[in-house]
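Visitor: The structure's right below; bear with me while I get my questions together.
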Amino acid sequence: MYIYIYIYMVTQVNRCTTQKSPANSLFSLHLLLFFSFFVLPILEPKKIYICTLRIHCTYPIKHFTLSSLKMVLVFFIVILSHLAEISQGELRVGFYNRRCPTAETIVSNVVRQVAASNQNIAPVLLRLHFHDCFVQGCDGSILIENGANGERHAFGHQGVGGFEVIERAKAEIEAVCPGIVSCADIVALAARDAVVLANGPSYEVETGRRDGMISNLSLADNMPEVSESIQILKAKFSQKGLSEKDLVVLSAAHTIGTTACFFMTDRLYNFSPGGGSDPSIDPSFLPVLMASCPRNGDVNARLPMDRGSSGEFDDNILQNVRSGFAVLRSDASLYEDVETRNIVDSYFGIFSPFFGTSFEDDFANAMVKMGRIDVLTGLKGRIRRQCSTF
């Protein structure tokens, strides 16, 4: 479309130019039109036509002089520098500082406002970020609502929510910075703000992600599942570039929030091999779990994932893992592997407060690392105007 518009505009310029018009006037206009229709559409397509018409109407052909050419060249340099910034293809802290300086504040305010009426929103947003990153990378593909085949409807995404919070933050950002901030970045920022609201560690979020163009439930077939062995979980995390320590601390995000009895049934009543209950569950804790999720009961009933501390972000869940009080099978499995068990124990040694990094620091580092999984940056992907649609 842009090629035909450019040719038409140049034709009109040639037709209107007279012998009295300096040669550089024609050159200036052609240069301006070229960058308006071939460079700028990459950045903000919906604004270009208006911008070009204003310049054309404000500065008639006869007024284009050498100074006009200088102006166009300055414009040219600004656009190239802006394009270079976009195309570098790297995440960085403060990516929107110049183009949308209020973006992070807007997301933080929206999360805080929603949390005031929904105390469970912190684990919901944290889980949303995890599930987004583990399918095609952190590209906001889980947000798309494109029918029954959309990624968000995958079996592995059961119970994932928070979509309306991201959409609300996106709408507020679009009102002040249209077409600048990606939905994928909003998901990452909202997860950080959710952790902080739960008294977890604050950390700087790298931004600069762009939104994906594909959303299909079949792509979510390889999500980590709570029923999988520690070896399978380690392999799936390794495929995403995450270490055993990342597996431990990201699993410890279960310190906040609840789970459905649907994910507990096999562990309590049909644990393989042999059936019955998972023998790793502390005998005093088993009746408590069974009372919360009785056999043939409501599979949608919910129970806290962190015994004794489900409302606050802390390392209590790892202490529960050590003691046989883990609620989810995947959390309990962290203590069945030598490497992951040593990592769990490392946070509770006598000298742990004095040597090595803290659980909070390791969690923050793992979140930043997870946020880099297969991201789209530079000229890849796009910036959606609405997070639920392409």
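Using N, Cα and C of the backbone, Cβ positions are placed for all residues, glycine too.
Features from TrEMBL:
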type     : residues                                       : note
TRANSMEM : 25-43                                          : transmembrane segment
TRANSMEM : 64-84                                          : transmembrane segment
DOMAIN   : 90-390                                         : domain 'Plant heme peroxidase family profile'
DISULFID : CYS100-CYS177                                  : disulfide bond
BINDING  : ASP132, VAL135, GLY137, ASP139, SER141, GLU151 : Ca(2+) 1 binding site
DISULFID : CYS133-CYS138                                  : disulfide bond
DISULFID : CYS183-CYS387                                  : disulfide bond
DISULFID : CYS261-CYS293                                  : disulfide bond
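Mind mapping these onto the model and telling me what they sit next to?
Guide: For CYS177 (disulfide bond), the same-chain residues lying six or more positions away in sequence with a CB closer than 8 A to its CB are TYR96, ARG99, CYS100, THR102, ALA103.
Long-range C-beta contacts of GLU151 (Ca(2+) 1 binding site), restricted to its own chain and to partners at least six residues apart, with a cutoff below 8 Å, comprise VAL135, SER141, ILE142, ILE144, HIS157, SER215, ASN216, LEU217, LEU219, ALA220.
Note: CYS138 (disulfide bond) has non-local neighbours HIS129, ASP132, ALA184, VAL187, ALA188, ARG209, MET370, GLY371, ARG372, ILE373, ASP374, VAL375, i.e. same-chain residues 6+ apart with C-beta under 8 A of its own C-beta.
Of all Cβ atoms in the protein chains displayed, 29 besides its own lie within 10 Å of the Cβ of CYS183 (disulfide bond).
Other Cβ atoms within 10 Å of the Cβ of CYS293 (disulfide bond), summed over all protein chains shown, number 24.
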Visitor: Pick out which of the binding-site residues ASP132, ASP139 has the most other Cβ atoms within 10 Å of its own Cβ.
Guide: ASP132
Visitor: How big is the gap, in Å, between the Cα of CYS183 (disulfide bond) and that of ASP139 (Ca(2+) 1 binding site), rounded to a whole number?
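Guide: That separation, Cα to Cα, works out to 8 Å.
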Visitor: Would you find the one among the disulfide-bonded residues CYS100, CYS133 whose Cβ has the most company, meaning other Cβ atoms within 10 Å?
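Guide: Of the disulfide-bonded residues CYS100, CYS133, the highest Cβ count within 10 Å belongs to CYS133.
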Visitor: Using Cβ atoms only, which residues of the same chain lie under 8 Å from CYS387 (disulfide bond) while being at least 6 residues apart in sequence?
Guide: GLY140, LEU143, ILE144, PHE163, ILE166, GLU167, LYS170, CYS183, ILE186, ASP211
Visitor: For GLY137 (Ca(2+) 1 binding site), which residues of its chain lie six or more apart in sequence with Cβ-Cβ distance below 8 Å?
Guide: GLY212, ILE373, ASP374, VAL375, LEU376
